[in-house]
Amino acid sequence: MPEPVAEPALNGLRLNLRIVSIVMFNFASYLTIGLPLAVLPGYVHDVMGFSAFWAGLVISLQYFATLLSRPHAGRYADSLGPKKIVVFGLCGCFLSGLGYLTAGLTASLPVISLLLLCLGRVILGIGQSFAGTGSTLWGVGVVGSLHIGRVISWNGIVTYGAMAMGAPLGVVFYHWGGLQALALIIMGVALVAILLAIPRPTVKASKGKPLPFRAVLGRVWLYGMALALASAGFGVIATFITLFYDAKGWDGAAFALTLFSCAFVGTRLLFPNGINRIGGLNVAMICFSVEIIGLLLVGVATMPWMAKIGVLLAGAGFSLVFPALGVVAVKAVPQQNQGAALATYTVFMDLSLGVTGPLAGLVMSWAGVPVIYLAAAGLVAIALLLTWRLKKRPPEHVPEAASSS
């Protein structure tokens, strides 16, 4: 974790602009993720002629690389400072575009081209974990740890915005100039972000002996488990709401996803100070309650409007879960370990989203589509009980190094 600046007397627009000036680098990294997302599966399957397995693997490699590299990103951010980690991550995004470019240029050699695509995806996954973790910690170092919840919230907003913007733009660029043109756009986005990041003032890395990974994990795993359980609701909506609407014979699945995204982003914008005012655990419990109601409404929906209200509530409920629990998790460790704590905490969400799809698919094939939303509501209820227990337990002693944050 970077050494914090003196807690700045910032509020409102000025504070948000300071935060956005840093998290825009995470926006750039996620834009390089979103741009090829809707293009690569079809390119691998239809143009290169590989099976659906390989098309899926090309996409999944990025997520596996992100998952495996995220703890290292946190540790390096603690020891080297977050700015260096962000620049490193953006360089990975640039190299991923270079991988796509060379894959397009070697299209006459399908196996070589596929290997270059896979290499680009792995590098992108590593770059995303470094840029995402680093930008959060850099933002906290700039505006002060009092505003850590707001920094995490803004990081989520720019992530959603970049993914939503990137996918359709990527299709446009691909139809305009093929994979090579798309690759050049990705490289250009990353290069501009790197050039903007390099002149920015550096936030000093923390000085102090870091805790072993096992000790960090021991302090944050309960918060991570609550996050993982709550993420199941997001996972089943994002993955299976289209199948749910098809099974019911309804139209409007895409609009339901739009409602979820609007509720997610809108809640973060409407309640930027909620975590500071009533505490992270209290916010998390309120969010879990709203998410449970939403998932139950989807599961028992007999008309489209019920499902849409349920999806809206689920999006609003899930919106502040990550920052609310994240604020408490990172403050459970000394300052010099808070980067590692944030990265370790985030891994639980990565794992949850990775296993929710296959497990929900098995349940769905056995008991029907609506059941997965009822099951997800049950998991979020467990997260609510776990958070209630965390609130009731005596506060743990955190070493003095963490007291300033």
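Heads up, the Cβ atoms here are built off N, Cα and C, so glycines get one too.
Mean predicted confidence for the topological domain 'Cytoplasmic' (1-18): the pLDDT average there is 64. Residues annotated as topological domain 'Cytoplasmic' in Swiss-Prot: 1-18 (among others).
Distant neighbours of the topological domain 'Periplasmic' (40-46): 52, 54-56, 58-59, 114, 117, 174, 179; these residues of the same chain sit at least 6 beyond its ends, with a Cβ under 8 Å from one of its Cβ atoms. Positions annotated as topological domain 'Periplasmic' by Swiss-Prot: 40-46 (among others).
Beyond its flanks by at least six residues, the topological domain 'Cytoplasmic' (68-84) meets 1-2, 125-126, 129-130, 132-138, 141, 197, 200, 202-206, 210, 213, 336-344, 346-347, 350 of its own chain at Cβ-Cβ distances under 8 Å. As annotated by Swiss-Prot, topological domain 'Cytoplasmic' applies to 68-84 (among others).
According to Swiss-Prot, the feature topological domain 'Cytoplasmic' maps to 128-155 (among others), an assignment based on a curator's inference. Sequence-distant contacts of the topological domain 'Cytoplasmic' (128-155) (same chain, six or more residues past either end, CB-CB distance under 8 Å): 1-8, 10, 15-16, 18-23, 25-26, 28-30, 33, 62, 65-66, 69-70, 72-74, 76-77, 82-86, 88-90, 92-93, 203-204, 268, 272-273, 275-276, 280, 320, 322-324, 326-327, 330, 338-339, 342-343, 346, 404-405.
Only residues 6 or more beyond the boundaries of the topological domain 'Cytoplasmic' (199-223), in the same chain, are considered here, and those with a CB under 8 A from a CB of the stretch are 1-3, 5, 22, 71, 75, 77-84, 137-138, 141-142, 325-326, 328-330, 332-338, 340-341, 344-345, 348, 386, 390, 396, 401. What Swiss-Prot records for 199-223 (among others) is topological domain 'Cytoplasmic', and it gives a curator's inference as the kind of evidence.
Positions annotated as topological domain 'Periplasmic' by Swiss-Prot, on the basis of a curator's inference: 245-251 (among others).
Annotation source Swiss-Prot lists topological domain 'Cytoplasmic' at 273-282 (among others).
Residues annotated as topological domain 'Periplasmic' in Swiss-Prot: 304-308 (among others). With a cut-off of 8 Å between Cβ atoms, the residues of this chain six or more beyond the topological domain 'Periplasmic' (304-308) that come close are 244-245, 248, 250-252, 255-256, 259, 297-298.
Per Swiss-Prot, the feature topological domain 'Cytoplasmic' maps to 330-343 (among others); the stated evidence is a curator's inference.
The topological domain 'Cytoplasmic' feature in Swiss-Prot is assigned to 387-405 (among others).
What Swiss-Prot lists as transmembrane segment is 19-39 (among others).
Nonlocal intrachain contacts for the transmembrane segment (47-67), taken as residues 6+ away from its ends with a CB within less than 8 angstroms of a stretch CB, comprise 33, 37, 40-41, 107, 110, 113-114, 117-118, 121-126, 128-129, 347, 350-351, 354. Among the features that Swiss-Prot reports, transmembrane segment is placed at 47-67 (among others), with the record citing sequence analysis.
What Swiss-Prot lists as transmembrane segment is 85-105 (among others), and the listing cites sequence analysis. Tertiary proximity for the transmembrane segment (85-105) is limited to same-chain residues at least six positions away from its ends with a CB under 8 Å from its CB atoms, namely 25, 28-29, 32, 36, 73, 76-77, 113-114, 116-117, 119-121, 123-124, 126-135, 137-138, 178-180, 182-187, 189-191, 193-194, 197-198.
Listed by sequence, the residues of this chain that lie at least six past the ends of the transmembrane segment (107-127) yet keep a Cβ under 8 A from its Cβ atoms are 29, 32-33, 40, 44, 47-50, 54, 57-59, 61-67, 69, 88-93, 95-100, 179. Swiss-Prot lists 107-127 (among others) with the feature transmembrane segment.
Here Swiss-Prot flags 156-176 (among others) as transmembrane segment. Sequence-distant contacts of the transmembrane segment (156-176) (same chain, at least 6 residues past either end, Cβ-Cβ under 8 Å): 20, 23-24, 26-39, 43, 132, 182, 185, 261, 264-265, 268-269, 319, 322-323.
For 178-198 (among others), the entry in Swiss-Prot reads transmembrane segment, with the evidence type sequence analysis. Below 8 angstroms of C-beta separation, residues 24-25, 28-29, 31-32, 35-36, 39, 43, 83, 86-87, 90-91, 93-94, 96-101, 103-105, 107, 170 of the same chain, each at least six residues beyond the ends of the transmembrane segment (178-198), sit close to that stretch.
Here the topological domain 'Cytoplasmic' (273-282) has long-range neighbours at 146-147, 149-150, 320, 323-328, 387, 390-391, meaning same-chain residues at least 6 beyond its ends whose C-beta is under 8 angstroms from one of its own. Taken through DSSP, the topological domain 'Cytoplasmic' (330-343) splits into 10 helix, 0 strand, 4 coil.
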